[in-house]
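Annotated features in TrEMBL:
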type     : residues : note
DOMAIN   : 119-227  : domain 'SEA'
DOMAIN   : 408-550  : domain 'GAIN-B'
DOMAIN   : 556-813  : domain 'G-protein coupled receptors family 2 profile 2'
TRANSMEM : 558-582  : transmembrane segment
TRANSMEM : 594-618  : transmembrane segment
TRANSMEM : 630-655  : transmembrane segment
TRANSMEM : 667-691  : transmembrane segment
TRANSMEM : 715-737  : transmembrane segment
TRANSMEM : 764-783  : transmembrane segment
TRANSMEM : 789-812  : transmembrane segment
Amino acid sequence: TQKLESRFSFIGGFSVREYELLLQVTYRDSKEKRDLESLLKQLKAPSTCLSAPMEIIRVKTTTYCSSLNGILQCACEDSHTWFPPSCLDPQHCYLHTTGSLPSCGCHFSNLSQSINFCERAKIWGTFQINEKFTKDLLNSSSAKYSKYTTAIKDKLTEVYKEIQGFESVEVTQFREGSIIVGYEVIGSSSSSELLSAVEQVAAKAEASLGQLFLLEDGSFMVFGKVQCNSLFFGFGSKNDEYTLPCSSGYTGNVTAKCQPSGWQVVRESCVLSQLEELQKNFSLIANSATEMDMSSLVQNLSVIIQQNPSTTAGNLASVVSILGNISFLSMAKNFKVSNLTLENVINITDHILNSSSITNWTILLQEEKDVSSQLLRTLENISILVPSTALPLSFSRDFINWKGIPVTESQYEQGYNYQIEMFQKNTSIPIRGYVLIGPGQFQKPLPESIINMASLTFGNILPITQNENVQVNGPVISTVIPNYSISEISLIFSKIESNLRKPHCVFWDFSHLRWDSGGCHLVNESLDMVTCQCTHLTSFSMLMSRFVPSAIVPAVNWITYVGLGISMGSLTLCLIIEALFWKQIKKSQTSRTRHICMVNIALSLLIADVWFIVAATVDTTINPSRVCTAAVFFTHFFYLSLFFWMLLLGLLLAYRIILVFHHMSMTLMMAIGFCVGYGCPLIISVITLAVTQPSNNYKSKDVCWLNWSDESKPLLAFVVPALTIVAMNLVVVLLVLSKLWRPAIGERLNQDDKATFIRMGKSLLILTPLLGLTWGFGIGTMVDGQNPAWHVLFALLNAFQGFFIFCFGILLDSKVCAYSFLSSSLTQASLCPSPYPLTL
């Protein structure tokens, strides 16, 4: 290989052009090397090459390399050196700086791939001109740039040419901050010798430049080492930022920051001029655009992308913006998307999702965090605009797969499945994904179409904010069923990296720009596959458990709604009966306090059930979040009120058992009752909302109820108080049963065991719903959530709790029966036993 460079120098007042020829040759030992150098010095240039006289003035070895077992080791010679971070090929080689001499190691055995050899000694300098910076100095073809570089180079060369080994000086950069000038000095001596010589004439060089420019005091400096150095950005120190205009044909700027590994682009807005023009054209026709105009815009965008394949961060942002605008306008005007337009969109998307563009996506996402989410949303919206009559369609590209089918009776009877197989770059191992929707999920009228998309690149560009130690380890699959909702979907993914464990099943939350696990859970994990299931929960057991087995979702939902309907009717009757007989049943303090508890239990449960129905019918993907948030808050508050009033009823019962002859004033009891019954729930509910709502972690994403996720678990604000109260009331029930088993002195001593057991059984049956013990089955739904029995039992007992309260708390209440129109001595004896067989 060879490389030819040229430059002007001045010898004896005459302009002389110097040529530097870099040759790659092979020799076996040091003697052969010396013979080769002597031969090169004696060469004469052919007369046909150069018209002027030519002389070879020096021959030096820059880089010596040897190969052993496929590993290339190279070192610098004759005062040449490596300039980090590059040595030969930066992507395949590593610069070893330990030892007496730095060396470069590469995983190839020859130099056919080489890029950078050792260079001559080089040092850097900078100074600041006290003038206003103009953008002309960033344009190397401008008159001002040429004037300044020529003047600075002439002045510095005049000073440095006296240094032994000096070869050239070049102005490398102008930066903003008044005008900051950077230059480099190249010489044939060692770097330390060259630096020492340049430092000795620094004052002279500064004075020479001062004849042309007003320099900032103390700004003239020279360095032997720099953290970063490149042809495009020049040199810089750690954390320096440098902004340059984009290259010809692009608008915008690119900003790089000096990092330990070299210049790293941190901001970039380089957009093709043609894309800028296309965006302007869209703005002009937006108000009067037709379906044909949209198709034409997509076609033009596709042509531009094919002709200019560069995926700069600016181009990525521009393409996403154009597609998004086309999607928004098409949806607003109810345009349809043709087969050709869709294919163009898929081709454009495949281009910008190329795995080689991930670095530029990373740069773009630092400035526009939602741009990858916008792209995914745009693709889904455009897919919805494809008419079902144009389906089935399928497009398989390297970085995206798209499939759409019309829904027929086949899906109603057999369900739906989608499967893809994709490959990562430079690998032959397939990455697979499957979507399964059971036949029971489709109800008539059937949806018009089902659309699926899959991509591996989205896993790299959709940001991960929760935990930096996780990564997307499979394809990202999108399933769109326009104007239709299903309650369950199963997904199977093959792992990209099989050694990763503890998978999480998540979906992309467009509202909060993050991965979320709400409603999705892991079903199975094998060595290289993961099975997930996502459900939209509306069953009563969601109050305690986040997951319901899919097979029983319809049954549990049916139990929930039927039970709540019956309960709400029963509770309404409770309140009506209490109102009708209130004057009669409030005559004794004991009866009055118990019925006050009963009324508030019935009222709290009735309102809680109403809000639960509201929450269950809210579609979280359509309705405003405020409706859902309100439903969650009031459901939480009134169910907690239910529990605290049940607690008060239990404490009242315990109080009458233990302190038979103690009497508390009615006013104090009511004050305590209402403070505990409504004050405590209000405090818990408000604190839960205030703490979690600002971070959008208050409610679940797939259903209107308290959230349970890796980031936040406000569901505990319901579960912990509820189960604590259940445990306390269980102690009360045990106390009652103990009292029944061992009656006090003076009570009937001759009652047989059978009668005692019957009495204890009746008390347990009556007190269980009144004190909320049935909610204890919620522990089973949380601990063993995959067992359907827990969910069915929990829904059955608690959805009908209002009905049980009506039966055992009202119909069997002796005082209510006594004052009802059914009252008779026989009826009282047979149908109206006191629900509390003791003193209450």
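From the backbone N, Cα and C atoms, a Cβ is placed for every residue, glycine too.
Just so you know, TrEMBL annotations are computer predictions that nobody has curated.
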Cβ-based contact of the transmembrane segment (789-812) with the transmembrane segment (715-737), 3 or more pairs under 8 Å: no
Folded-back contacts onto the transmembrane segment (630-655), same chain, C-beta under 8 angstroms, at least six residues removed: 543, 593-594, 597-598, 600-601, 604-605, 607-608, 611-612, 614-615, 618, 662, 664, 673, 676-678, 680-682, 684-685, 688-689, 698-699, 704-706, 717-718, 721-722, 725-726, 728-729, 732-733, 735-736, 767, 770-772, 775, 836, 838, 840
Local confidence of the domain 'GAIN-B' (408-550) - pLDDT mean: 83
Among 558-582, 667-691, 764-783, stretch most in contact with the transmembrane segment (594-618) (C-beta, under 8 angstroms): 558-582
